[in-house]
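Below is one structure, written out as structure tokens; the observations come after it.
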Amino acid sequence: MTAHRNGAPVLEVKNLSIRFGGLRAVDDVSFTVERQRITTVIGPNGAGKSTLFNLVSGALRPRDGQVLLEGVDLTGAPPHRLQRAGLARSFQITNLFPDLSVFETLRLASQILEPPLRAWQPVRRSTIAIARAGALLERFDLAAKAGHKVAALSHGEQRRLEIAVALAGEPKILLLDEPTQGMSHGDTEETAALIRDLAADVTVMLIEHDIGLVMSLSDHVVVMHQGRVLAEGPPAAVRADPAVQTAYFGHA
Amino acid sequence: MREPAPTETPAPARDPLTTAMRASHVLAGVLVVGALAFAAFGAAVGDTFYLRLATEALIFAGLALAVDILLGYTGLLSLGQALYFGLGAYVSALTLMAVPSFWAAFGAALLAGTVVGLVGGVIANRVRGVYFALITFGMAQVVGKVVYNTRALGASDGLIGVPVVDIGFGPWSFSSASPAGLFLFVLGYVMVLYAVAAYILDTPLGRLLIAMRANEGRVAFLGYRPVTARLIAYVIAAVVASLSGALYPMLRGFVSPELLFFTTSGNAVITVITGGAGTLVGALYGSLLLTVIKSYVGSWTEHHLIVIGLLFMAVVIFLPRGLIGLVRPKIERMLSRERKP
Amino acid sequence: MAVLDYLQFVLAPQMVTGLALGVAVVLVALGLTIIFGLLDVINMSHGEFYALGAFVALALGSIGLPFWLLLILVPLALLPIGYMVERGLIQRVFHGGDRHVTTLLLTFGLGLVIEDVLKLAFGPNPHRPETPISGGVELLGVFVPNYRLFLIIAGAVVIAAVAAVVYRTRLGAMVRAAAYDRHMAASLGVPVKQVYAGAFAFGVALAGLAGVLLAPIYSVFPTMGRDFILLAFTVVIVGGMGSIAGAVVAGLFLTQVQAIASLYISPVWTDPIVFGIMVVMLMVRPQGLFGRLGHA
């Protein structure tokens, strides 16, 4: 494991804000993601969860506030720099390369583990990336589909591949945007087990709608409502919070 | 997680993209064999016309290769690749008129293609999609019109009287005035350009370009800056086009502003689409095919554009992988069968 | 008085000529920009439809039909052609992978075919139809040929009519709705397929009309669309792809730039200057001066 730099938390978000027109999509949001814990962001539709992910992962530039990765200020850095700094993300709607094979997708995603000049040598020389892709195929139960095109995978397989791609570059923190979106109950259970398993090596932060899953999986829950953090804490405490009851579960 | 997968080899060795490239190499090999036979026959009967026509087809195949690197692999439609082809041709002609040396002309075209490609790439890569197509088109038009109006470059007449050169490799050399010799040389030269392009596209960088064609946005989340990757592809394509153009004055003894115009860029796009975009070898076959159509149809009517235009439209509608797409998948299947123990 | 003479005899006539050209370019650019704004298609055959319009006018004129009738007949004749091209060709690739590229390529191929068919039918040499209105008038001391004056006025009327149809009528509202969101429009009962094909046909008819109007000033020849279409594309890009107001402003502006540049610099540098403006525009503001049809 890499040495923890100056003991700072993996991810620290300070007073993050962005507006779309008059809408304060994310409004003065601050929270901390501690190492090797599963942090889940929940909230009703339109609460600003996805926008928050986009701000943290560099897809959007914040208007105010800071994003610190292990104490290093990466506010407004473009996605590729954040990825290289150790922050990776998956997407709510599968966002991959339909024509590439599953193996090639994972090899490409693992390529940043190789020295830069390897990019100019034939792909078969990228042994680190090839080994990493092979390991991910096994871990995500996609080995039988290695040579298939991504477009030919089932929905559940594509969702797993989406997570595997995000994990490929060995990030310090993995942001998963609704990893179980559209999955059957059985697949959701399996994915939950997989995420728990991943959390042993990498800090995980996710957006999730399935409340049962959130409660069983999370170490820490951040509740968003109308662009702001309404409450945060351990799952049980958050569930008991009356403000959360009103805003999120729709009853007092 | 799930039950273990049925016994199937997790086969990282059998890479579909590498197999596809190998299939292109097989077709390229067939082309070389055919071209050598053609050259032997041409030299035996003392032909000049057809050898020179085929040489020109190969030179324009080099330009088409450049268009395919952008369109077929990176997903960028360049409507102005003639800018770099013409650049190479003019730079080569000017160099040859000053110093009649092939290697000087080659070096000058390489340098010019790289430098101008970088500048053009920085401009063109500010935009994407149709805007990229239109900005490349616009840049080529600006340069074409400027050359057309510049007296020092021969204005509308172009540069005439480019001297015949001796092209030499160590002890072996031949004159660019020899039709069979120049044909063989251009064949080798264009195949080297093909091999270099194929090599680059089979590296992780090339794979990144292929991935970008499908989903550029996601590439950034794999740790790569898409603009940089696009710029690299653009410069490579500029250099390939420039180096192809450098051959033109050696064949024809002149260069003219038409080499920079949209007709030239458009022909290269037709060549790639008809032959098969994203195959590299399609650019080579496409160029030969169009030359055959032009000279064959042209022997009884001057209206070959109707034939080419209709063929092109039919390919766009019915054959997204071009004519090579009819053949190459079969070779790919043969190759992947061979690899199984 | 030299300054006034200069204005009267050199600058002003040049600007009037530029204005006539500008109006014609706007007509061609309008069709292009509507087709792009609505269908997302770069119609590379637009210049050939412009040439087709001029040739149809030439052919009908040679059998004795009066020019005034042609102004109506030629666009009407191009409507069904445009409609069939959209339904028969463009729709075939419209839903495929890269719509921009495939439709651009398809219309590029179509342009080649039309151009060569025109060569086959009429020969490669230029034809010069007679000017339907001869003579000229003096406006504020500037001599203006009557036909150019007519062209400017007729063109302005057509442009205003197009804008009125698009922005003021129910038909135009359907077109704009389909441009904004085809699925939403379809669910609201807009016959999206017909609107698409109709808009393409309308754009093509406008190009044909420009061909009829310009034939008496410029010669008629099969490749006449080529140079003209470059200018029209430039206008569409500078004005904003899909913007009607943008096409009008950019068309008039760029043709004045051409007219004045050819006086002060040299006629041979007008094209590089205009294309240079386009390239710079694409670099700094790719969306152009104005927003897109249906979006603004």
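Any Cβ shown, glycine's included, is placed from N, Cα and C.
Automated prediction, rather than curation, is the source of TrEMBL annotations.
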Among ranges B:106-124, B:163-181, whichever one TrEMBL labels transmembrane segment: B:106-124
Contacting positions for the transmembrane segment (B:260-285) when only residues 6+ beyond its ends and CB under 8 Å are counted: 20-21, 24-25, 27-28, 31, 58, 60-61, 63-69, 71-73, 77-83, 85-87, 136-137, 140-141, 143-144, 147, 190, 194, 197-198, 201, 308, 311-312, 315-316, 319, 321-325, 328
Among the ranges B:106-124, B:130-148, B:182-201, B:231-248, B:305-327, the one whose Cβ pairs under 8 Å to the transmembrane segment (B:26-45) are most numerous: B:182-201
Recorded stretch that, among B:57-76, B:106-124, B:130-148, B:182-201, B:305-327, has the most CB pairs under 8 Å to the transmembrane segment (B:231-248): B:106-124
Stretch-level contact, the transmembrane segment (B:106-124) and the transmembrane segment (B:57-76), CB cutoff 8 A, at least 3 pairs: no
Distal contacts, the transmembrane segment (B:305-327) - CB-CB under 8 A, six or more residues away: 24, 27, 270, 272-279, 281-282, 285-286, 289-290, 293-294, 297
